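**Student:** Can you keep this structure in mind? I'll have questions shortly.
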C-alpha cells in the first residue's frame, strides 16, 4: 500500500477509527463452548455484580448515635443486706457510657473498710509461723496490702502476715448463688438509635414514624410479634443468645446488641428498618478458672462519725451490654453502574482466551485455524516477499 | 503459508511477538464518535481517577487519641438549692471517658432518700381504694419499688399502693425551666487530638506548631477568625448545629464534634490541618413523648448520723458530646499510579465496543465494513477453498 | 465474499466464534521486550496479588470483646496523706469502661471543700486593691467561682477578689514529684479478648487453649519469653513504648495496647495467635505548657456532721490505656481467586500496548510492521477498489 500524503495528518488521526480484525469461525463445538462461557460470565455480571451486590448503586456508610435508658427495680432480701430495693441509679455503673451499659446482677459487699492493719487472707505465700516469714514493706501483686512484717492470728490455728490495707479485707470468695439481683431479668432497656447516611442526606431513627407514644409505653420487643419495638427485656436478650439469664447473672458476661440498617434508598424510606440481633461476646465456658465472667470492684466512700474515711467495697458481677450499629445504604448512581457494566464487558474477553486455547491446541484442525488467526511476519528482508500470505 | 521448521521452538516462542491486526477505517462520523468517546474516558481517568480521587497516591487511615478538658463554673440560685456553685468535678459525669464527655445542664434532685416504705406516685395502675388492690411483692416495670400490699394515703383524696423503695420518691416530674445550669453555655472545652498515619510515619496534633502557649490561654474557636484554636465554647458548638443552647439545656441531647484530617503528604506538612464540624446526633424533635432529650439518674451515697445509708438521687439532663476523628492521608506511590493508568487504558477499549456497534449495525455501508473487519472461516473442507477472501 | 443465505441466523450466531486476528512478528528485540514485560506482570500477579496479598482468599473482619482486670496495690506515705494503701477500687476511675482503663498515678487532693466564700487564687485578673476592682456576679472562664464583689486578703500583702466557690480552693499548683502512686509500675492487667470471624464461624480468645490455669496465675507478658501470656505489667508496657514509667506517672499520658489477629484459616487454627504492641498515643513533649499529660478532676461527696455537703476534690493524673483489637482472617475461596487471575490476564494485555508503541514508532522497519498490522479502509467508493491491499 502506498502511503497517502495528507495535508492535515492530525485531522486524519482524529477522523479515523481502528477496530481489531476478527476471524469468525463457524464451528459448532467451539461456538457452543464460546457462548456457554459468555453465558456464565453474563449471568455472573447480571446476577452477582448487578443484582446481588447491587453494582448499580452508590453506597454510603452509617453515622449513628445511641441513647440508652434502663428501667426496673429489683428486690433483695438476703441475710447480709436485709430488705433492700435496687433501682437503676444503684445497679448501672458508671451511670453514663457512650454506647454500652453495665447492669449489676450479683455482688459481694464488704462494709466499713478503713485504712488499718489486719491479717492477710490465708493464701499461698502469706501463711506464716513467725514474724521472720513476713518481710516488712513487701508488696506482692497478689497481696491485699503492704506487709507490716508481723505474723498475726487470722483465725484459730491459722497465722498469716499482717498487712496495711483497707480492713477488714474482702473475705467472701464465693459469689452468692442464686444471684442477688436475679430480678434484673425483668428490667427493660429503651434503646434510642438515630442514624444518618450523610451522602444521601437521609436520616431515620429506630422509633419508626408509625409507632405511637402510647404503644411505646407498653410494648416489649419480640422477634416475631413486635420486631420494631425499641424496648427490650434483658431476660429476652439473654435467652436469644442461647444462655440462661440466672446462670449468666451469677458471674456476669458481655453481650452484644447489634442493630443492622441495610437500606435500599431506591425503594420507599419506610422499608429502611432496623434489625436487631443479640450475641454473647465473651467466652461462654464457665470452667475457666481465671476470673471467669465479668466483674470489677468499686467503692463508695463515706466519712464516719470520727471524721475518718471509710468505704464500702463492692465486687460487682454483671452483664455488660454493648450496642453496635452497622449497615449501609445504597442508591442508584450512573457512575458505579457504568463501572460494573464496563468491567463486566472486559470479563467477556475471558471467554475468547479460553476458546482460543481449545481451538488452537485441542482441535484436529488446529493448524488450519492457526493459519487463519495468525499472520506470520518474519524480520528478514525476504520476509517482506512471502508475508503477503492472506 | 508453509510451517517453518525450527530447531528451537521455545526460543522461537520467546522471541516472537503477537499483536492484534487492526482495520483502520477512515470515516468522519465514526472517527469523530470514537475520539469523542475516548475523550470522555480519558477525561474521566485524568479528571476523576487521577486528579479528583488522587489515583496516583497510596492512602493510609488515621490513628488518633483524644484528651478532653472542660473548664468553667456555673452559679445556681434556686429555691431548692440555695446559692451553689458548680465546677467541672460536679457537672462532668463520669469524670473520665475515652472520647466523649457529658455536661450536666439541668437536674432534678431528691435528697435524703433512705430505704423505707412510702406511697407510690399516683400513676396508672397504682391508685387504690383498699389493700386488696395492691398485690404484695409485685414488681412492675413502671413502679418505683416493690409493693407491700397496703393501700395508703398519698395526699388528700388520693390513695396509692405502698412500696418498699428509696423514700421519699422522686416527685418532681417536670424539669426546671430555665435550665439550672444554663451557665454551661460559657464553659469551654480544650480538645487535644494527636493523630498518626502509621504507614507514612507521620504524626501531628491539633495544637499546630505555630500556636503559642499564651495564645492557647486566651483563644476561643471561631470558624472564620480562629479556625485552628482547639478551645471551644459550648454555646458556640451548639449554635453551629442550629440549636439554641438554652432550649437544648432543658432536656439535653447528643452532639458530635467531628475532626477531619485530610492530608496530602505530597505537599507541605503545614497544610495538613484539622477541620472541625459540629452536628446534632440525636433527634431534634422535642414533641417526642417517650423520654425526649438525654438524661440519666445517678446517686451520691452518704451515711447519715444514725449510720444508715442515705442517698441523693440526681436525674441529670445534659449534653453528651462525642468527639469523632476521621480522615486519611495520601502520598505519591508508583503502584497505585500504574494500576490507575492500567485500568484506564483497559477502559479505553470500551470506546471500540461502542463504535463497533455503530459501524456494523447502524451505518449504511455496514456490510462493506463487516467484510473488512471479519474473515469468515467455514468449518468444512470446501471452506478451506473459499476462505481466502481477503 | 458473497453473503451466505441461512435459514436460521440465530443458530448461526450461537454456533460461530469470533477471535481477533493476530499478526505474529518474529523480531528478537521486540519479542524479548514483550516477554520481559509479560514476565514482570506475571510475577506481579503471582507474587504480589496471589501470594503476598493472598488474592486467592476471601477475607472477613474481626468482631471482638475485651474484658480488663487490673491488679495491684500501692503504698503511699506522704506528709499530706499519712500512710495509705491504694487498691484497684481506689485508682481505677471510672470503675468500668468498654475497652480502656485509667490508672491514677499521681494526684492533688483538696479535702473538706464546702460551698462558701474565700479569696480567689492570686492570678491574672483577680488581684485587687479595693472592692471596686471586683464585679459582683462576674463569672470568668478562668475563675474558680462567682465573684461576690468584695476584695479580701489572700495572704500577707496580697489581696484578691472574693469568690463563692467550693472552699478552700485547690491551692497546690504543682504535682507531687516523685509521683505518689509510682508503685503502679508493678500493677498487672489481665486482658481477656474474645474474637470472632462471623463469616467463617471461627472464634478464639487470647487465652490460648494450651495455657493452663496455673500458668495464668504466675505468668507475666514478655515479648521474647512469654509472648502469649495475657497478663501485662504496666511498667513493661510503658517501657516498650520508649518512655520511663516514673516520668510518665508524674503528669500522665495515653497509651495504646494494640492486639493484632492476622489469621490464615487455610492453615491450622493454632497458628492464629494474637500479637501485642504498645504505643504512646498522646504527645510525648512535656515542654507543652497548656495542660500537658493527662489529668482530670473528680470529687467524693460527704455529708459532714452538721449535715452540710462537703467534698474531697481530687485532681487525678494518670495513664489511660486504650485496648484496640484489629485484624482479619483469610480463607481460600474460588470467586476471589478467579477475579484475581482474571484481572491478571487483563493486565497481560498491557504488554501489547507497550510493545506496539515500540514496534510502530521506534523501530527502523516501523512502516513495514504498520502495513502488516493495519488494514486501511477508505470511506469512498473508490476506496472499495483499492482497499484490497493485503
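Just so you know, the numbers here start at 1 and follow the chain as drawn.
Any Cβ shown, glycine's included, is placed from N, Cα and C.
Heads up, here are the entries from TrEMBL:
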- B:32-52: transmembrane segment (TRANSMEM)
- B:69, B:70, B:71, B:188, B:295, B:296, B:297, B:315: ATP binding site (BINDING)
- B:118-B:167: disulfide bond (DISULFID)
- B:128-B:151: disulfide bond (DISULFID)
- B:134-B:161: disulfide bond (DISULFID)
- B:186: N-linked glycosylation site (CARBOHYD)
- B:219-B:229: disulfide bond (DISULFID)
- B:263-B:272: disulfide bond (DISULFID)
- B:341-363: transmembrane segment (TRANSMEM)
**Student:** List only the single closest residue to residue B:118 (disulfide bond), chosen from the recorded positions B:128, B:151, B:229, B:315 by CA-CA distance.
**Tutor:** B:151
**Student:** For residue B:219 (disulfide bond), what is the tally of other C-beta atoms lying within 10 angstroms of its C-beta?
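**Tutor:** Result for residue B:219 (disulfide bond): 17 other Cβ atoms within 10 Å.
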**Student:** Counting only residues 6+ away from its ends, which parts of the chain sit with a Cβ under 8 Å from the transmembrane segment (B:32-52)?
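**Tutor:** 340-341, 343-344, 347-348, 350-352, 354-355, 358.
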**Student:** Are there any residues at least 6 positions away along the chain from residue B:186 (N-linked glycosylation site) with a Cβ closer than 8 Å to its Cβ? List them or say none.
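**Tutor:** Expected: B:72, B:233, B:234, B:235.
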**Student:** Between residue B:167 (disulfide bond) and residue B:161 (disulfide bond), what is the CA-CA distance rounded to a whole number of Å?
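**Tutor:** Spelling it out, the Cα of residue B:167 (disulfide bond) and the Cα of residue B:161 (disulfide bond) are 14 Å apart.
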**Student:** Counting across all protein chains shown, how many other Cβ atoms sit within 10 Å of the Cβ of residue B:297 (ATP binding site)?
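**Tutor:** Taking all protein chains shown, residue B:297 (ATP binding site) has 20 Cβ neighbours within 10 Å.
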**Student:** Do the recorded positions B:69, B:71, B:186, B:188, B:272 include any whose Cβ comes within less than 8 Å of a Cβ in chain C, and which?
**Tutor:** B:69, B:71, B:186, B:188
**Student:** I'm trying to understand the geometry here, so how far is the Cα atom of residue B:219 (disulfide bond) from the Cα atom of residue B:70 (ATP binding site), in Å to the nearest whole number?
**Tutor:** 15
**Student:** Measure the Cβ-based neighbour count of residue B:128 (disulfide bond), defined as the other Cβ atoms within 10 Å of its Cβ.
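**Tutor:** By my count, 22.
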**Student:** Compared by Cα position, which of the binding-site residues B:70, B:71, B:315 is the closest one to residue B:128 (disulfide bond)?
**Tutor:** B:315
**Student:** Using C-alpha positions only, work out which of the disulfide-bonded residues B:134, B:151, B:263, B:272 is nearest to residue B:69 (ATP binding site).
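**Tutor:** For residue B:69 (ATP binding site), the spatially nearest of the disulfide-bonded residues is B:272.
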**Student:** By the criterion CB under 8 A from chain A, which of the recorded positions B:118, B:161, B:186 would you report?
**Tutor:** none
**Student:** Would you give the longest CA-CA distance, in whole angstrom, between residues of B:69, B:70, B:71, B:188, B:295, B:296, B:297, B:315, the set recorded as binding ATP?
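**Tutor:** The span, Cα to Cα at its widest, is 25 Å.
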**Student:** Looking only at B:161, B:229, which of these disulfide-bonded residues has the biggest number of Cβ atoms within 10 Å around its Cβ?
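**Tutor:** The residue with the most neighbouring Cβ atoms within 10 Å is B:161.
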**Student:** So of all those recorded positions, B:71, B:188, B:272, B:296, which one's Cα sits nearest to residue B:134 (disulfide bond)?
**Tutor:** B:296
**Student:** If you measure C-alpha to C-alpha, which of B:188, B:263, B:296 (recorded positions) come within 10 angstroms of residue B:161 (disulfide bond)?
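**Tutor:** Taking B:188, B:263, B:296 one by one, none has a Cα falling within 10 Å of residue B:161 (disulfide bond).
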**Student:** When the Cα-Cα distance from residue B:188 (ATP binding site) is computed for each of the disulfide-bonded residues B:151, B:229, B:263, B:272, which gives the smallest value?
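**Tutor:** Closest candidate to residue B:188 (ATP binding site), judged by Cα separation, is B:229.
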**Student:** Can you see whether DSSP assigns residue B:272 (disulfide bond) to helix, strand or coil?
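**Tutor:** Once the DSSP labels are grouped into three classes, residue B:272 (disulfide bond) ends up as coil.
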**Student:** For residue B:186 (N-linked glycosylation site), which DSSP three-state class applies?
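**Tutor:** For residue B:186 (N-linked glycosylation site) - judged by DSSP and reduced to three states - the answer is helix.
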**Student:** Rounded to an integer, what is the Cα-Cα distance in Å between residue B:272 (disulfide bond) and residue B:70 (ATP binding site)?
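**Tutor:** If we compare the Cα positions of residue B:272 (disulfide bond) and residue B:70 (ATP binding site), the gap is 26 Å.
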